[in-house]
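K.L.:
Here Swiss-Prot flags CYS75 as active site, proton donor, drawing on sequence analysis. Per Swiss-Prot, active site, proton acceptor is recorded for CYS219, and the stated evidence type is sequence analysis. For ASN13, GLN46, ASN66, GLY76, ASN77, ASN159, ASN192, GLU210, ARG211, GLY220, THR221, the entry in Swiss-Prot reads substrate binding site. The site 'Important for dimerization' annotation in Swiss-Prot covers PHE269, and the record cites sequence analysis as its basis.
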Amino acid sequence: MNIQFSKMHGLGNDFMVIDNVTQNVFLSKDTISRLADRNFGIGFDQLLMIEPPYDPELDFHYRIFNADGSEVEQCGNGARCFARFVKMKGLTQKRIINVSTAKGKIQLKIEHDGNITVDMGKPILEPAKVPFEAQKEEKTYILRVEDHTVLCGVVSIGNPHCVVLVDDIDNAPVETLGPLLENHERFPNKVNVGFLEIKSRDHARLRVWERGVGETLACGTGACAAAVVGQLQDKLNPHCTIELPGGELRLFWQPGQSVKMTGTADFVFDGQIQI
């Protein structure tokens with residue numbers, strides 16, 4: 001099987017993007033994992049699969065697979081790349097694109113400056129729906145990790161996130177605490193872990209340990225989760241900039257509303273591979 005694909009990235013969070021509207025591609029979990037290998041494959045953080053809409057009122061459906069081959073519910077940086085891809089490839093002429101994912105519906109808007117705004121939907125704070133094991137909804141939760149106590153915020157942006165505030169992002173224990181929290185027993189579906197340093201009420205720095213991937217240069221849903229948790233803990237304003245290793249995202253959220261994220265999406269190259 002010969003597969004046409006594109007390589008794209010959002011702030012360094014990189015993707016293999018496959019048009020499954022004009023192709024008929026099925027990839028096993030093992031095949032995706034092999035393609036994700038940066039030495040022996042294409043190399044990517046996630047694979048995005050664009051498909052025809054399941055709902056006639058929507059424009060597309062898209063699926064997201066991590067580098068380990070597992071399918072996940074949502075990806076903010078991937079959503080921006082999705083929007084640029086379908087416009088660039090002539091799959092749509094619309095500037096406002098409505099799509100479905102495994103977790104629900106999102107709206108993408110291609111701005112006149114080329115940036116893309118994603119309406120990520122309302123954040124989920126109810127523990128059982130994240131899912132997260134807790135007696136009741138709190139702004140801050142206490143987790144026991146080995147011999148340590150960790151304070152964190154927990155939210156779902158279509159996928160689960162745990163956000164830990166730190167004083168110094170450059171020395172945050174991302175590679176040690178990240179995988180421990182990812183696999184913590186109170187997160188039955190595992191969790192993405194964000195380490196957040198507040199610089200001001202309008203600006204914060206973030207590093208993310210992504211579930212099934214490891215640390216990435218950027219995580220769109222992680223930035224959304226950080227903006228929500230930062231505001232719930234009275235650290236951030238509704239409009240704020242989240243700075244990730246790969247670049248900046250602009251966020252807007254008010255309680256009871258959808259989270260809106262604006263940022264870039266970059267095309268790298270087109271290719272084909274024989275499977």
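In case you wondered, yes, glycine gets a Cβ from its N, Cα and C as well.
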K.L.:
For the active-site residues CYS75, CYS219, work out the Cβ neighbour count at 10 Å and name the residue with the minimum.
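P.N.:
Output over active-site residues CYS75, CYS219: least Cβ neighbours within 10 Å is CYS75.
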K.L.:
Determine the most Cβ-crowded residue among the binding-site residues ASN13, ASN66, ASN77, ASN192, using a 10 Å radius around each Cβ and all protein chains in the structure.
P.N.:
ASN77
K.L.:
Would you identify which of the recorded positions ARG211, THR221, PHE269 has the most other C-beta atoms lying within 10 angstroms of its C-beta?
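P.N.:
Buried the deepest by this measure is THR221.
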K.L.:
When DSSP states are folded down to helix, strand and coil, where does ASN192 (substrate binding site) land?
P.N.:
strand
K.L.:
Looking only at DSSP and grouping its letters into three states, which state does the residue listed as 'active site, proton acceptor' belong to?
P.N.:
coil
K.L.:
Starting from CYS219 (active site, proton acceptor), work out which of the binding-site residues listed here (ASN13, ASN77, ARG211) have their Cα within 10 Å, and give them in sequence order.
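P.N.:
Near CYS219 (active site, proton acceptor) by Cα: ASN13, ASN77.
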K.L.:
Would you measure the largest Cα separation among ASN13, GLN46, ASN66, GLY76, ASN77, ASN159, ASN192, GLU210, ARG211, GLY220, THR221 for the substrate site and round it to whole Å?
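P.N.:
Of all Cα pairs among the recorded substrate binders, the widest measures 17 Å.
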K.L.:
Measuring Cα to Cα, how far is PHE269 (site 'Important for dimerization') from ASN13 (substrate binding site) in Å?
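P.N.:
One finds 15 Å between the Cα atoms of these residues.
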K.L.:
Going by DSSP, give the three-state secondary structure for ARG211 (substrate binding site).
P.N.:
coil
K.L.:
Whole-number Å distance between the CA of ASN13 (substrate binding site) and the CA of CYS75 (active site, proton donor)?
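P.N.:
Taking the Cα atoms only, ASN13 (substrate binding site) lies 10 Å from CYS75 (active site, proton donor).
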K.L.:
Residues other than ASN13, GLN46, ASN66, GLY76, ASN77, ASN159, ASN192, GLU210, ARG211, GLY220, THR221 within 8 Å, Cβ to Cβ centroid, of the substrate site?
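P.N.:
Sorted by sequence, the hits are ASP45, ILE64, VAL72, GLN74, CYS75, GLY78, VAL208, VAL213, THR216, CYS219, GLY222.
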K.L.:
Which of the binding-site residues listed here (ASN192, ARG211, THR221) have a Cα atom within 10 Å of the Cα of CYS75 (active site, proton donor)?
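P.N.:
Neighbours among binding-site residues, in sequence order: THR221.
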